[in-house]
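**Q** Here's the feature list from Swiss-Prot:
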DOMAIN    8-130  domain 'MsrB'
BINDING   47, 50, 96, 99  Zn(2+) binding site
ACT_SITE  119  active site, nucleophile
């Protein structure tokens with residue numbers, strides 16, 4: 001997959017301030033504030049920065065954490081996992097494989113069949129209904 005690269009000014013021109021803060025500066029939206037937290041619409045969630053498909057709605061579940069949660073990405077190649085030791089914690093950050101947008105984190109406390117919980121910021125996503 002060819003990487004999508006843009007300048008800071010190009011990202012700022014195409015993203016709103018919250019999207020830029022979360023996707024490009026590794027911020028986090030407030031829990032329970034995102035538009036996709038409780039959404040049950042059937043479709044595919046794409047990266048807001050580059051439109052790459054990231055998650056299928058069939059893998060979305062209510063984890064109660066305040067952010068959209070999925071038990072698997074649409075493909076293993078859709079994202080990159082990075083060790084994150086910020087804020088005094090050890091976590092695994094997930095970023096878009098195509099454009100390096102920060103999406104959220106993955107935790108080992110999800111449901112079967114994977115046992116994983118991809119905790120993703122809504123502002124990083126664009127849901128395309130089926």
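Every residue gets a Cβ built from N, Cα and C, even glycine.
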**Q** For residue 47 (Zn(2+) binding site) and the residue listed as 'active site, nucleophile', what Cα-Cα distance in Å is obtained after rounding to a whole number?
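**A** So the Cα of the residue listed as 'active site, nucleophile' lies 14 Å away from that of residue 47 (Zn(2+) binding site).
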**Q** Which of 47, 50, 96, 119 has the fewest nearby Cβ atoms, counting only those within 10 Å, among these recorded positions?
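**A** Ranked by other Cβ atoms within 10 Å, the recorded positions 47, 50, 96, 119 bottom out at 50.
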**Q** Check each residue in the chain of residue 99 (Zn(2+) binding site) that is at least six apart in sequence and keep those whose C-beta is under 8 Å from its C-beta; list them in sequence order.
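**A** In sequence order, 3, 4, 5, 6, 47, 49, 50, 52 meet the Cβ cut-off.
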**Q** Determine, for the Zn(2+) site, the additional residues of the same chain whose CB lies within 8 Å of the mean position of the CB atoms of 47, 50, 96, 99; present them in sequence order.
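**A** Along the chain, the qualifying residues are 4, 48, 49, 51, 52, 97, 98, 100, 101.
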**Q** Reduce the DSSP letter at residue 47 (Zn(2+) binding site) to three states and note it down.
**A** strand
